[in-house]
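The domain 'Orn/DAP/Arg decarboxylase 2 C-terminal' feature in TrEMBL is assigned to 30-370. Residues or ranges marked as domain 'Orn/DAP/Arg decarboxylase 2 N-terminal' in TrEMBL: 38-280. What TrEMBL records for Lys61 is N6-(pyridoxal phosphate)lysine. The pyridoxal 5'-phosphate binding site annotation in TrEMBL covers Gly240, Glu274, Pro275, Gly276, Arg277, Tyr372. Taken from TrEMBL, the feature substrate binding site covers Arg277, Arg313, Tyr317, Glu345, Tyr372. The active site, proton donor annotation in TrEMBL covers Cys344.
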Amino acid sequence: MTEYFRYHHNQLYAEQTPLSEISEKFGTPCYVYSHAALTHSYRQFEHALREHEHLICFAVKANPNLAILNLFARLGAGFDIVSGGELQRILAAGGEASKVVFSGVGKTAAEMRLAIQAGILCFNVESEAELLRLNEVAGEMNRIAPVSLRVNPDVDAKTHPYISTGLKKNKFGVAYTEALDLYRKTSKLNNLRIVGMDCHIGSQLTELSPFIAATEKMLILADALANHGITLEHIDLGGGLGIRYLDEVPPAISDYVQALLRVLQGRSEKIILEPGRILVGNAGVLLTQVEYIKHGAEKNFAIVDAAMNDLMRPALYDAFHAIQPVTLESGKSVEQYEVVGPVCETGDFIGRARDLAISQGDLLAVMSAGAYGMSMSSNYNTRPRAAEVMVSGKIMQLIRERETVPQLFSGEKIFD
Ligand code: LLP
């Protein structure tokens, strides 16, 4: 529960809009975002960083809906992208290419061309092979590409292994011990211009110490570069700040930024951050309806109309999302349920062993679903993807139509 999703008179609201009205108007499953929550989280970063030159690059992968990108763009955000597709979304949403950093281990030549053409701020290059390709592509275009090396600082983020990225054994970035050499090589490539250094150690971090350790290592490297005549315009410390799903106590945005600034004291480089989850995670819920209650031999099941294709995190990471009834009713008895979807997989669950007072037809809100919810959704089982709605006060607006089944197979052809 946050101040943006709260009960009034036993009804769960998004800001001043009852979630039941959203379901009546747009159906379920449906993602619902709070405009005020999104704005507030972004502004907290701006405020905390106000005394140091900075750029907050929203990690688009967390939630790439055009309305969300447009909101952040209007607030002044830059963007962290990992594909040409994400760049096109930013341009379509009114974002500025000059505030875009491009991460990812597998950039294609076509994606590089697109990004050079658009005039992005920086390529976060993750290997020597990528560096050589980028130099070649920029050369063919008669352009100079701005680069930063994504350095893998070999710091343990202490998070789920699937979303830990800053260890030696991970595929991300260039090895810390090789970074200096690679920067020197980069400085000799004619179509590249070194502008920064970058790291991202993982996601859903709930402690400050790994961020501090990574930043300290980055600065040691930046100083070593300076000794070799290589100066940086910016240092990008990635994203990764965690949110509360259940009982985690992640650092507040202001404490996180303060901790980074303490390490960066006296530095003149611009700071770039790439937050994703913290900006959107608790600004969204997934609204779903109970289709059936089923009393199995061992367990009770609440079968809902959202499934692993809509919210993959529980199936993929065993992630926890709180589940709240949209209407609190006294008189219903509390029972323990497996909250599951209709998809034909045992892994298709939204929540396990949840104590809920619910019956068939009830609406449920799956909380903290604004990050990596819709963005990781799929059409498995030929399920059209959910609608998305943005709420601001009493206003609700559809920001993505529910997909239709014909759309799903419109590109397919019978073999003849
Ligand atoms: N920058 C880079 C280079 C990244 O790879 C990521 C996330 C971010 C920034 C943003 O990290 P955040 O602030 O959101 O933690 N699907 C997973 C999370 C995968 C994160 C991938 N990289 C999940 O649902 O938990």
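Note: Cβ is positioned from N, Cα and C throughout, glycine not excepted.
Any TrEMBL annotation is an automated prediction that lacks curation.
Computed from a predicted structure; not experimentally measured.
If you take the Cα of Cys344 (active site, proton donor) and the Cα of Tyr372 (pyridoxal 5'-phosphate binding site), they are about 22 angstrom apart, rounded to a whole number.
Compute the center of the Cβ atoms of Gly240, Glu274, Pro275, Gly276, Arg277, Tyr372, which mark the site for pyridoxal 5'-phosphate; besides them, the chain residues with Cβ within 8 Å of that center are Ala59, Ala62, Ser203, Gly239, Leu241, Ile278, Leu279, Ala371. Ranking the recorded positions Lys61, Arg313, Tyr317, Glu345 by Cα distance from Arg277 (pyridoxal 5'-phosphate binding site) puts Lys61 first. The candidate set comprises the binding-site residues Glu274, Glu345. Of these, Glu274 has the most other Cβ atoms within 10 Å. Glu345 (substrate binding site) and Gly240 (pyridoxal 5'-phosphate binding site) have their C-alpha atoms 30 Å apart, to the nearest angstrom.
Closest by Cα distance to Gly240 (pyridoxal 5'-phosphate binding site), from the recorded positions Lys61, Arg313, Tyr317, is Lys61.
Using Tyr372 (pyridoxal 5'-phosphate binding site) as the reference Cα, a 10 A cut-off selects Lys61, Arg313 from the recorded positions Lys61, Arg313, Tyr317. The DSSP secondary structure for Arg277 (pyridoxal 5'-phosphate binding site) is helix.
Counting only residues at least six positions away in the same chain, the Cβ atoms of Val82, Glu86, Gly276, Tyr372, Ser375 sit under 8 Å from the Cβ of Lys61 (N6-(pyridoxal phosphate)lysine).
With every protein chain in view, the residue among the binding-site residues Arg277, Arg313 whose Cβ has the most Cβ partners within 10 Å turns out to be Arg277. Cβ neighbour counts within 10 Å, taken over all protein chains shown, single out Tyr372 as the most crowded of the binding-site residues Tyr317, Tyr372.
Secondary structure from DSSP puts Cys344 (active site, proton donor) in coil.
Shown in sequence order, Phe45, Ile56, Phe58, Ala59, Gly239, Gly240, Leu241 are the residues of the chain, 6+ apart in sequence, with a C-beta less than 8 angstroms from the C-beta of Pro275 (pyridoxal 5'-phosphate binding site).
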